[in-house]
Each structure stands twice: as C-alpha cells, then as structure tokens.
Amino acid sequence: MSEQIKTDICVIGAGSGGLTVAAAAAAFGEDVVLLEKGQMGGDCLNTGCVPSKALIAAAHHAENMRQANLFGISSVEPRVDFQAVHDHVHSVIGAIAPNDSVERFEGLGVRVIQQAGHFTDKRTVATADGQYEIKARSFVIATGSSAAVPPVEGIERIPYFTNETIFSLTKRPRHLVIIGGGPIGVELAQAHRRLGAEVTILEAYGILSREDPELSSVVIDQLKREGITLHEGVTIDRIEPAEDKDATPYGATLHFSHTLDGGVAGDADFVEATHVLVATGRRANVSDLGLEAAGVSYSERGIAVKPTMKTSNRRVYAIGDVAGGMQFTHVAGYHAGLVVRNILFKLGAKENTHIVPRVTFTAPELAHVGYSEAEARQKFRQVRILRWPFGENDRAQAERETAGFIKIITNKKGVVLGASVVGKNAGEIINMWALIVSQKMNIKAITGYVSPYPTLSEVGRRAAISAYADLPSKPGIRKIISFLKFLG
Ligand SMILES: Cc1cc2nc3c(=O)[nH]c(=O)nc-3n(C[C@H](O)[C@H](O)[C@H](O)COP(=O)(O)OP(=O)(O)OC[C@H]3O[C@@H](n4cnc5c(N)ncnc54)[C@H](O)[C@@H]3O)c2cc1C
Ligand SMILES: NC(=O)c1ccc[n+]([C@@H]2O[C@H](COP(=O)([O-])OP(=O)(O)OC[C@H]3O[C@@H](n4cnc5c(N)ncnc54)[C@H](O)[C@@H]3O)[C@@H](O)[C@H]2O)c1
C-alpha cells in the first residue's frame, strides 16, 4: 500500500529549474514535494555547465603558460596531469553540490523523494518504486534533456562519450573526435586541445551556425590557430570500432563525405579517433512521464507550453530544457520564476525570449542578447549597427587580448534591439547589455554613464558614442557653439 501525499506543488526533477521552483515556493510557505531520480543538481551541476567551465578554466591556465612569452616570461609547454585535472573538475562540483543537496532542501522545508515520478492521471504522480502517490494543486515538470545521438551507421557499436561520461575520463584522449560543432562541441574541443589532445570536429552544417557569422568567425579562426581540425558541411557515412581494442578501447574510424550543394555526397574521407564525443543537440526527457495519462501534449521537441509555461493540463507546468525552447540554466531559472509567480499569485507572467542572453565559453567568448543584425533587418525597416573593436581598448591591449569587437543593433530612434560581443570576458560584458535590452533603453543613455578606466566593458560605451561621431561637424551644432561664444 503506497503512502498518499497531498501537497500544494509537486516538482519532478531537481535540476536548475526544479530546484529554483522548490526553494522559492517553500520560502513562501507552500508545501512542496520534489522528486529526483538521479543526482540532485541535474545536468548543469553534474554533467553540464559546472564540469565544462571547470575544465575550460584548467585549459585556460595551460594556454597561459604557452603564451607567457608575450609578457616577457618564458613560455613552457605545460605538463598536464589529466587525473589531477579530473579531480579539480570533480572538486568544483563537490564545492557547489551542498547548495543543491537533499539536506539543504529538506532544511528549506521541501519534502525530497529520490525516485522517478510519472503521472497516473491528470492530478496524480506516482513514484517508480510504488511507495508514494502524490496529489497536488499544481505540478511542475522540470526533467531536462539528454544527449541526442544521431542515426549514423555503426554508432551503436562504439563506446562513444556524451556530456554524461566525458568528464569521468582520467587519462587525456590522444585524438578526440567530436561530432557536432555547437556550443558543447566547440567548448569541449578547445578545452581538450589546450590540455594537449589532438581534436577534430565533424559538423554537418557550420561551426556555431546559430550565431552571427561576423562574430563566430573570430572564434573559428582562433580554434584553427590552436590546431583544432574542423570539417564543416560533412555527412558521417559510417563508424567502425578500432581494430586494436587493447591499444584504443574507445577508438573508432569515422568515414565521412563533404556534402556538396544540393545535398549530394562529395569526396569521401575518414578520421581515426581514440575517443568520440557526441555533441549533436539534445532530446527532451519526456518518456516514462505518463504524459498521456496527464493529458499533457508534447512532441519530439519537448512539452508544448504556453508563454505562461502552462501545458495543455491547466494544473501542470513545464520548464527548462524539457519545454523545448532555449536550453540554458538561466532560462530554466527564468521559467521557474514565472511559474512561481503564476502558481502563487496568479499573475499570468509570460516568457519573453527576446531578453534572454547566451554565452559560448570559448576563448574568445561569444555572447549575444536580443535581435541579431539579420533578425533586426527582417523585422524593422531601418536599423543602425554600431561596432567597437577590442583592439581600440586599452585594457585589451595591456592584456594582449585584442581579438574581437562589440556590435550593437538599434532602431532608427536609437532604442537598443540587440548586442553581440566576441572577445575576452564577453560573457561578463553582455550582462549590462541584457539589462539595456530588457529595459528597452536608448543608446543615448549609454553615452551618459561613467565607465571605469581601463575596463573591457568600455567597448560598449565607445560603440555608443560612435553613434554621435558626426555631431561635432554638424553645421547646426557649430552655429550654437559660435552663438554661445558670442554671448561670452
Ligand atoms: C556540456 C554542457 C554544458 C552546458 N553549459 C551551459 C552553460 O555554460 N550555461 C548554461 O546556461 N547552460 C549550459 N548548459 C545547459 C544546461 O545544463 C541546461 O540548460 C540546464 O541544466 C537545464 O536545466 P533543467 O532544470 O531543465 O534540467 P536538468 O538540470 O537536466 O534537470 C533535470 C533533472 O530531472 C531529473 N529527472 C528526469 N526525469 C525524471 C523523472 N521522471 N522523475 C524524477 N526526476 C527526473 C534528472 O535526473 C535531472 O536531475 C550546458 C549543458 C551541457 C550538456
Ligand atoms: N555556454 C552555454 O551556455 C552552453 C554550453 C553548452 C551547451 N549549452 C546548451 O546545450 C545545448 C546543446 O548543445 P549542443 O552543442 O549539443 O547542440 P546544438 O544543437 O547547439 O549543436 C549541435 C550541432 O551538431 C550538429 N549535428 C547534428 N547532427 C550531426 C551529425 N549527424 N553529424 C555532424 N554534426 C551534426 C548540428 O548541425 C549542430 O551544429 C545548446 O543548445 C545550449 O543551449 C549551452
């Protein structure tokens, strides 16, 4: 006989989205039950953002040692102890884990059940072990996503890696071949290259193809300079396991062809990998949730939600990666905030995807918020583009980080529609522009604040000032100055 629980809110999934809903709702005195079938903290903490950024930080230190001669210090080729790098990555996870732990959440008053949950009807969730049946006034599905594995012939015969397994390597891969040149592919390609691995990316279309090519080309040039082999526009025809399994237990040969115009296969080629990482996008975790029983509509992309994050069942919300939109930790957190407002205060708060920034943590970093130039040109009759290069920034010069620029898109009245930054600390610089876009601020406001010198963020203010570059030579302005002079 299972225990019957009645609660205000039942959250399924204790990742970035689910934890935020649980903590906020409990703080307002709601009864919350939180179900988690795996590790508390979900993808971001255990197999996503945190380990990838910790690995990138290690790789950054290795690269700094190679580049030290630029600063008058002898460059050295670093000796990388991959087991120690692995331990660093996992100690960072360990340092953050208490924030997401069962103990912390129980301390906040949340009832945590470490079991998978599934709907048995429109108002009931049961746990996989059959011990609990939960009836709630509202349900929040926050079950995230998993690596989507492409249907390539032979892939099932090789022990490929995904984000769930790559961070457990304790020996450096000799030749890492990455399938997919999106954010996961490029971040992990550069990190492994800097840590001394040979790295190849096989990408079906273009590297970072969702980004403005004017900016992504700066990142791509750097990846090539660092010795990463990029094959864009390829079709992987088949994969074979390595012949010598003792020498390369994870090895494989990947046969591919360059796709020509019209999608026709061109010249055939192959690459031999000691390790293969699949980074070809994500699949929403919707199976085994009993969504049919709950009357919740979904597709391959994920659970269908309205802008309020409500599903086709008015008691059930879906947030984060499983909702099939943008897949970022800050989006899951943003969704969580909307859902808490909508469940507790019936505010009908709606998602505004326009204000959501994104950052790819390569070196240089690539960050964006709002409309891209191409989107703005489609939507508005007149747009203005402002740019400022890192090469014209004193701090960037001092740090020898002159690759990159900021690009700001405004409408004809000067309202900021979007901003993109490629360069050192682009992810920090974009914060201010995310605020500017969310508040629909005018570029004039950015000329009027004082930016501390010397900082990289000054590139934004200089780009804004460039909007008024022709002001001193305007006859009207000259006349006003002469008139004021005449007055004494
Ligand atoms: C390598 C990598 C790097 C990334 N880097 C970044 C980054 O730098 N910045 C960024 O913003 N985003 C990044 N992301 C994306 C980010 O990790 C996700 O967008 C985020 O984790 C989504 O949060 P979520 O709450 O929707 O899902 P998750 O964090 O995945 O949480 C879902 C949880 O639900 C649990 N669950 C699933 N089904 C059930 C069930 N039936 N019952 C109970 N529990 C269940 C899962 O075990 C999991 O713990 C990265 C992703 C990857 C893979
Ligand atoms: N810094 C960050 O915020 C960050 C970092 C990593 C991941 N993420 C999130 O995780 C999500 C998933 O990242 P991702 O890089 O896996 O997905 P993605 O969808 O962004 O990129 C996948 C790439 O794989 C390519 N591809 C697909 N099938 C292929 C095939 N058969 N052969 C060769 N190439 C193929 C696609 O053309 C695409 O370029 C991202 O959309 C992002 O939201 C964010």
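FYI, residue positions are counted from 1 along the chain as it appears here.
Cβ atoms here come from the backbone N, Cα and C positions, even for glycine.
Here the structure is a predicted model, which means the values were calculated and not measured.
Residues LYS53, GLY117, THR143, GLY144, SER145 are recorded by TrEMBL as FAD binders, and the candidate that the same record lists for that site, out of ASP321, ASP394, ASP470, is ASP321. The NAD(+) site recorded in TrEMBL includes GLY180, GLY181, GLY182, PRO183, ILE184, GLY185, VAL186, GLU187, GLU203, and the single candidate from GLY107, GLY109, GLY266, GLY281 that the record places there is GLY281.
When you check TrEMBL, the disulphide partner of CYS44 from the set CYS10, CYS49 turns out to be CYS49. Here the Cα atom of ILE184 (NAD(+) binding site) is found 20 Å from that of THR143 (FAD binding site). Cα of GLY117 (FAD binding site) to Cα of CYS49 (disulfide bond): a distance of 25 Å. In the three-state DSSP assignment, the secondary structure recorded for GLY182 (NAD(+) binding site) is coil. Residues GLY180, GLY181, GLY182, PRO183, ILE184, GLY185, VAL186, GLU187, GLU203, GLY281, recorded as contacting NAD(+), have a largest CA-CA distance of 14 Å. Here the CA atom of GLU203 (NAD(+) binding site) lies 22 Å from the CA atom of CYS49 (disulfide bond).
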